[in-house]
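Summarising the annotation, Swiss-Prot assigns disulfide bond to 289-345. What Swiss-Prot records for 267-361 is domain 'Ig-like V-type'. Residues annotated as N-linked glycosylation site in Swiss-Prot: 317. For 1-17, the entry in Swiss-Prot reads signal peptide. Residues annotated as topological domain 'Extracellular' in Swiss-Prot: 18-376. According to Swiss-Prot, the topological domain 'Cytoplasmic' annotation covers 398-413. As annotated by Swiss-Prot, transmembrane segment applies to 377-397, with the evidence given as sequence analysis.
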């Protein structure tokens, strides 16, 4: 009996030791390349992405990430402290923030939040001494010129383009989940620009032979110019899925409802948390869905009206005052009184939050340079003063010239 128990304990200890060895040798199974290569990766602007450091020597306790705009550039950014301990929370990152405030290092991987097109370049995983183990060629494609294609209207994506041996095309991601449930919703898939050519640099890793994203550093300048007009796409179609039955009423709220219902009236209880905001008449407003990222399926409703992308997506109509951008934010330009109401936000097919908007035409609001409208007013005022000053100086300069050379007596004082 004791022999059997001892055998079982030794067997269990051996399994545990095996698991520990496996965890410790995770980087031994992926040897670092003898010649540094660049793995191509493409993303849409405002998205967050992760770059794993797939290999490193066992004796290296922490990695340091470096960034170069172009290979061999004399200017290299160090993206961490030299112990690899820089941490950034995604919720604290704002659109347009500097790269050094939009990244994080976790488990040797580099996380970049709300990437911008200027973040495109080469990322190196290495040591504080500048020894590189793994590298990425990252292409962040701008969403400003993004083209929307609506399948329900019979529209088709861009056709492939051919320029001799150069083949330019769109590669689509998977469809998102339906953005609403219980009612007609929408789902979409993002398409990024890729090209195929035998003239690409051999130093860049390719998932498919001779195929990389259009903004890759592997693409020669002359080929990149030809592919410049092939913008990212978003393909949109309708969908309909049932809602999952969940109990959303909390016990405390339920007790209040039962108490009030005994009195004879049942109060209105919102399905989701509601936030109140009061906006000045004629000023702009941008609403973000809590916890949503650009790659999520996000939808917006105003009261009982569904704001579908087929009508409200940015770029559908240039004169739109209310629209949804490609980062899933709802924009209201020049707020009007009829914009008052509750704006509901769906995330991944679930109703998650409400935003009650009130519009006021009066009230005291201190001016601040953080307000874009205040900055615009100051800029226009300064430009006006500069123009008036330029005209004034020009007139007096001409009068002085005429007076000195007696060429224009009528201007003499």
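Every residue gets a Cβ built from N, Cα and C, even glycine.
Taking the Cα atom of each, residue 317 (N-linked glycosylation site) and residue 345 (disulfide bond) are about 22 angstrom apart. Helix, strand and coil counts from DSSP across the domain 'Ig-like V-type' (267-361) read 7 helix, 43 strand, 45 coil. Neighbour density for residue 345 (disulfide bond): within 10 A of its CB lie 23 other CB atoms from the protein chains shown. The recorded positions considered are 289, 317; of these, 317 has the fewest other C-beta atoms within 10 angstroms of its C-beta.
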